[in-house]
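As recorded in Swiss-Prot, the features of this protein are as follows:
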type: ACT_SITE; residues: 151; note: active site, proton acceptor
type: BINDING; residues: 33, 34, 35, 36, 37, 38, 55; note: ATP binding site
type: DOMAIN; residues: 26-321; note: domain 'Protein kinase'
type: MOD_RES; residues: 183; note: phosphothreonine
type: MOD_RES; residues: 185; note: phosphotyrosine
C-alpha cells in the first residue's frame, strides 16, 4: 500500500496519557482500562457497525520479555476460537515499514464489565454456576491447545449483561518462572495455585484452584487469600485450609521445604466454617442448585495438593455445574496452534519484532482476501 494512502486511513487521538493512532473506521474512543500489557479503549467500528475494544500494546519492543509476550498474545488470539475466550476482530499497525514498526493494536469484542464488578453483585445460584461453567469451558479449550493459564483472575475475565463470559488473556508463558523465594514484583497473586507459589511442577488442574478462589470470592464478596507477596500468600492459604501433609512436603525442593516446614502449623477450618449457608443465595427451585452443592465444589477445587484436586472435566460434571452441560461448548474443536514451541524459543528483540510484524501483515493479507480463520463469515468481509 502506498505511504500517502496508508496515512490517510489513520488518525491520532490522545486517550488518557497515551496517543492512539487508529484506522478511521474506529471512532468515539474512550479509555476503559489499562494493565501491564497495554491500554484498552472502547470504540465504534463503522465497518462492522458495532462497539469494539481496542488494545494498544504498551511498548512491546522495550525488552525481550515484552516482545515475547506480545508475540504470544497475538499468535494465540489469532488461533483461538471459542465463545468463552475473547475474539480477535482486527490487528493493525499505523507504521509502514519494519524499521518504523513500534505499535501493535488488537481489536476485540467489547464486553460490559469485568468480573471484579460482578463480584460485588448479589448473584443467585443460576448466575453463579453459569459463570463458573463458562470459565471451565474456556479453560478446557485452552488446555486442549496445550495452554495452561496459571494466572486466571477476576480482572482478566469479562462478562456481558446477559451473563455471557469470556477469558481475556492466556496467562503465564510456560517459561515464566515463579516461586516462593523469588524476588517479588507487583502482580496479583491471590488466585495462584500453591504449586505456582511454591515453584513446583504443575498440571492442568492448576487452573481449577484459581477458579475455586474466584468462586469463593463471588460467594464471600471478598478475596479469600489476600497475600501481599508469595510468602504471605502461602501463609494465608494454610491459615484457612490447614498445613498440608508430610506427603505433600516431600514433593517440594529442599530450600522451599525447609522454609515451609518451619512455618507455624495450622489445623485450618472446615468448609462449613469458611463458607456457611448464610453466605450463599437461597436454594434454587428451577435447577435444584443448593448451597451444599456449591460448598462441595469449593471443597474439591481448593485442595492444596494438586494430585487430590479435581480436574476441569470433573468440575464440569459436578452437580453444581453440569446443569449447563452442552457438548458443543465443552468439546469444541481445539485451536490449531502449529507453533508448539511458542514459549520455548528465545529471540532478540529485533527478531521478535520481525516475527510480530509478519503476523500483522499476514492478518492484513487475510482480511483483504476475505479470509479470517476462526471468525464467522460475516466478519470475513472486513476490509482495512
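We count from 1, first residue shown onward.
Cβ coordinates come from backbone N, Cα and C, glycine included.
Values in this document were obtained by computation on a predicted structure and should not be read as measured data.
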Study note, to complete from the structure: Row residue 34 (ATP binding site), column other C-beta within 10 angstroms, all chains, value 17
Practice item. State the Cα to Cα distance, in Å, between residue 38 (ATP binding site) and the residue listed as 'active site, proton acceptor', rounded to an integer. Key: 17
Point to revise | For residue 151 (active site, proton acceptor), the one of 33, 34, 37 that lies nearest, given that the binding-site residues are compared by Cα | key: 37
Study note, to complete from the structure: Cβ neighbour count within 10 Å, max among the binding-site residues 33, 38, goes to 38
Exercise for review: Let me know how many other Cβ atoms fall within 10 Å of the Cβ of residue 55 (ATP binding site).
Suggested key: 23
Check your understanding: Looking at the recorded positions 37, 151, which sits with the largest number of other Cβ atoms within 10 Å of its Cβ?
Key -> 151
Practice item. For residue 151 (active site, proton acceptor), just give me the three-state DSSP call. Key: coil
Check your understanding: What does DSSP call residue 37 (ATP binding site) in the simple three-state scheme?
Key -> coil
